[in-house]
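These come from TrEMBL:
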type: DOMAIN; residues: 8-51; note: domain 'ADAMTS cysteine-rich'
type: DISULFID; residues: CYS39-CYS50; note: disulfide bond
type: DISULFID; residues: CYS73-CYS110; note: disulfide bond
type: DISULFID; residues: CYS77-CYS115; note: disulfide bond
type: DISULFID; residues: CYS88-CYS100; note: disulfide bond
type: DOMAIN; residues: 121-232; note: domain 'ADAMTS/ADAMTS-like cysteine-rich'
type: DOMAIN; residues: 235-276; note: domain 'ADAMTS/ADAMTS-like Spacer 1'
Amino acid sequence: MSRSRVVREANEVCRELWCLSKSNRCVTNSIPAAEGTLCQTGSIEKGGDCVAFGTWPQSLDGGWGPWSSWGECSRTCGGGVSSSMRHCDSPAPSGGGKYCLGERKRYRSCNTDACLAGSRDFREKQCADFDSMPFRGKYYNWKPYTGGGVKPCALNCLAEGYNFYTERSPAVIDGTRCQADSLNICINGECKSPNVNVLSLSDLKHVGCDNILSSDAKEDRCRVCGGDGSTCEATEGLFNESLPRGGYMEVVQIPKGAVHIEIKEIAMSKNYIGMRGPQRIALTYVGVPLAFPWRSPGVPLAFPLAPPPS
């Protein structure tokens, strides 16, 4: 209140501030004076008390409370994630005391059994959940989009039958694979690879092929979880034939189920490596070079390309 003056005893200011209005009435908002207000000679208000200048309040560092019970699993099969929380309230920091150090949220694996054959892809289901919600006044059927330029743990969906995609959610549900051909999973909107059973988010490093956060199980060269590499054989070859000018020429057919496919250009060439259909690769003098790795479900293919001729 403007042009007002304190009318109560100085030590009472620390509990309730009264002022004299322009109409000479004593009024209050039933709140104490601000900390640091002069309450009497050589003293200021602090925490509701009138204390001497230079008095330093006793500080109390914070302490972690107990962990909460584990929450609901994010998936019913295929490797989900459950979380538990704790708070810095036992006690809460006060008087300039330090806040608790460490993680306030931890994670663990749950429902790690494989989903039944033919089950809908988890990311695909999350996109389909938006089919019944209008987008800019229209309804679309949404399919996952995981192409270049998007965050692996954001839910980007492609409108089926249309040439556009959009981010339907900034984060997929915990436990969603970052990529279809990766064991890494999304937790709290970030692509993580956990390596112990009960983890803080900053400790996550790798995940076992059995979908268990604490597991060190790895795929062998045949992509068999925990296998010894004896269920497949390596095939290799060299293509060094003359090519016709223009058009496509088949180099190799990649059989169904092939894994760890590597294609190298061992000498500079003006040819482009191209893909035709889900299983065939060809070299050509003409055509548009691929600008990003090509992927098929479960089988990543990535090959470097020489810059196009000037």
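Cβ coordinates come from backbone N, Cα and C, glycine included.
Keep in mind that this is a model prediction, so the values were computed, not measured.
This view paints the features noted in TrEMBL onto the structure.
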| residue | record | Cβ neighbours (10 Å) |
| --- | --- | --- |
| CYS39 | disulfide bond | 22 |
| CYS50 | disulfide bond | 19 |
| CYS73 | disulfide bond | 19 |
| CYS77 | disulfide bond | 15 |
| CYS88 | disulfide bond | 18 |
| CYS100 | disulfide bond | 18 |
| CYS110 | disulfide bond | 21 |
| CYS115 | disulfide bond | 15 |
On the DSSP side of things, how many residues of the domain 'ADAMTS/ADAMTS-like Spacer 1' (235-276) fall into helix, strand and coil, could you say?
0 helix, 11 strand, 31 coil
Using DSSP, what's the helix, strand and coil tally for the domain 'ADAMTS/ADAMTS-like cysteine-rich' (121-232)?
10 helix, 26 strand, 76 coil
Cα distance (Å, whole number) from CYS77 (disulfide bond) to CYS110 (disulfide bond):
8
Limited to the domain 'ADAMTS cysteine-rich' (8-51), I'd like the whole-number average of pLDDT.
70
Spatially closest candidate among CYS39, CYS88, CYS100, the listed disulfide-bonded residues, to CYS73 (disulfide bond) (Cα to Cα):
CYS88
Taking each of CYS39, CYS50, CYS88, CYS100 in turn, which of these disulfide-bonded residues have a Cα lying within 10 angstroms of the Cα of CYS77 (disulfide bond)?
none
I need the CA-to-CA distance for CYS115 (disulfide bond) versus CYS88 (disulfide bond), whole Å please.
38
